[in-house]
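Asker: Encoded as structure tokens, here's the structure I'll be asking about.
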Amino acid sequence: MANYFNTLPLREQLAQLAQCEFMNADEFTDGVDALKGKKLVIVGCGAQGLNQGLNLRDSGLDVSYTLRDSAISERRQSFLNASENGFTVGTYQELIPTADVVLNLTPDKQHTSVVNAIMPLMKQGSTLAYSHGFNIVEEGMQVRDDITVIMVAPKCPGSEVREEYKRGFGVPTLIAVHPENDPQGHGLAQAKAYAAGTGGHRAGVLKSSFIAEVKSDLMGEQTILCGMLQTGSILCFDKMIEKGIDAGYASKLIQYGWEVITEALKYGGVTNMLDRLSNPAKVKAFELSEELKQIMRPLYNKHQDDIIDGTFSRTMMEDWNNDDANLLKWRAETAETHFEKTPAGNVEIAEQEFFDNGILMVAMVKAGVELAFETMTAAGIIAESAYYESLHETPLIANTIARKKLFEMNRTISDTAEYGCYLYNHACLPLLQDFMQKIDTDVIGKGLGEHSNQVDNQTLIQINTALREHPVEKVGATLRGYMSAMKKIV
């Protein structure tokens, strides 16, 4: 199979990259009607598979699960997830031929083998749905001409898909129809109904393309969402230890600090995050972030270039074929980092202290969010899509670090995201070595204190203006307006 994106003419590549339209609430007045009375069969029952299935069933749809024979006979976790929640579970041969819609919610690396196994069993005129377009775009999967191919991609981990639905809300979602596979012209109606069934229509739905979703999703998860948080955790912790700060305190400041800091980001963007700092600290964080952006911009450009031309996917798939040798080695190395092995201390850290003593962390989040957004939009990805794949998801990933450090983050995200995270981390750590030599405890570990409390008014005005005028803040203000019912993470 050939990389689908690379087979397209340039104009078509650009058109699909730029495909992103925010859908109005009145476009979802039909709810799940387009899927009512149809049999939905989900392949796989991990985090996304289980939680999407629960939501779809609670929305009145007919949902069952199909798993590999071995998963059923050995009563693996996927089988227990489905059966203990009262779903019908069967083999591919038992359930796929009866399905009107097959939802492929297995891990990326299994998509080709899964689709090749189920496609001969799918009935004429049925629909194949994905929640990530990697198999179509990067692997170039060719689906039977009579089958409709759609995507519904919630922009958060599966657990949040369920929790927000139970609150009567939902999570922002991207939907798309594969232009090569919409023989009956009902792909969009079915994708909208699927999004409504998961609750996504209550938080905002972007009508996108498989290509735009994949290229932006890969970029966000490799850089700000996972790579920058892992790199920042290691660098900030090691610096505090070098400067004599208690290891337990340093561990707790990092582990829980990302979550607290990005909670402010979630509600009011980069502007609100920096507004949580004192004026002197805000100036310092802004200056540090601008320096970080200058240093890291070439790395962000390289990641985006490698994603666009398929270099990243080709490299990762070579590792798949080598039994994930690099992925597993890098995962083991991460487990041995000093930060990962140092438990959080039994010390109380007030909410504001995370900001006051984590100025560098704030600067890293700002730099990472803005760079990811700027790099994506420069590559032709529309601002709304770039926002969801940078700023919006950062608090959700930070929340996983708060639970069980980098182990939990890398366990929760996909193997695809984890592989890209390690690539970024390995390149960024040495890139920031000289920068970190200049860092002291005033910006990570202890705070500025009272010895530096003077701020030039003109400088502060310029910084505040620059923060509020950044394009990620402008599009973010609009999109957050659709998410006013968001729950607090902390």
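Including glycine, each Cβ sits where the backbone N, Cα and C put it.
Quick caveat, the model's predicted, so the values are computed rather than measured.
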Asker: Swiss-Prot has Glu389, Glu393 binding Mg(2+) 2. Which one of Asp217, Asp238, Asp246 is in the same site?
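Answerer: When Swiss-Prot describes the Mg(2+) 2 site, the candidate it includes is Asp217.
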Asker: Cys45, Gly46, Ala47, Gln48, Arg68, Arg76, Ser78, Asp108, Lys109, Gln110 bind NADP(+) in Swiss-Prot, but which of Gly133, Gly140, Gly158, Gly168 does that record place at the same site?
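Answerer: So the NADP(+) site in Swiss-Prot includes Cys45, Gly46, Ala47, Gln48, Arg68, Arg76, Ser78, Asp108, Lys109, Gln110 plus, from the candidates Gly133, Gly140, Gly158, Gly168, Gly158.
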Asker: Taking the residues Cys45, Gly46, Ala47, Gln48, Arg68, Arg76, Ser78, Asp108, Lys109, Gln110, Gly158 listed for NADP(+), what is the greatest CA to CA distance in Å, to the nearest whole number?
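Answerer: Output for NADP(+) binders Cys45, Gly46, Ala47, Gln48, Arg68, Arg76, Ser78, Asp108, Lys109, Gln110, Gly158: max Cα distance 21 Å.
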Asker: Of all the binding-site residues here, Asp217, Glu221, Glu389, Glu393, which one's CB has the most other CB atoms within 10 A?
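Answerer: Per the Cβ count within 10 Å, the most buried is Glu389.
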Asker: I'd like the number of other C-beta atoms within 10 A of the C-beta of Ser414 (substrate binding site), please.
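Answerer: Here the count is 20.
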Asker: Taking only C-alpha atoms and a 10 A limit, tell me which of Ala47, Arg68, His132, Glu221 are near Glu393 (Mg(2+) 2 binding site). These are the recorded positions.
Answerer: Glu221
Asker: Does Gly158 (NADP(+) binding site) have same-chain partners at least 6 apart in sequence with Cβ under 8 Å from its own Cβ, and which are they?
Answerer: Gly46, Ala47, Gln48, Gly49, Leu50, Asn51, Gln52
Asker: Just the number: how many Å between the Cα atoms of Cys45 (NADP(+) binding site) and His132 (active site)?
Answerer: 15
Asker: At 10 angstroms around each C-beta, which of the binding-site residues Cys45, Ala47 has the fewest other C-beta atoms nearby?
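Answerer: Output over binding-site residues Cys45, Ala47: least Cβ neighbours within 10 Å is Ala47.
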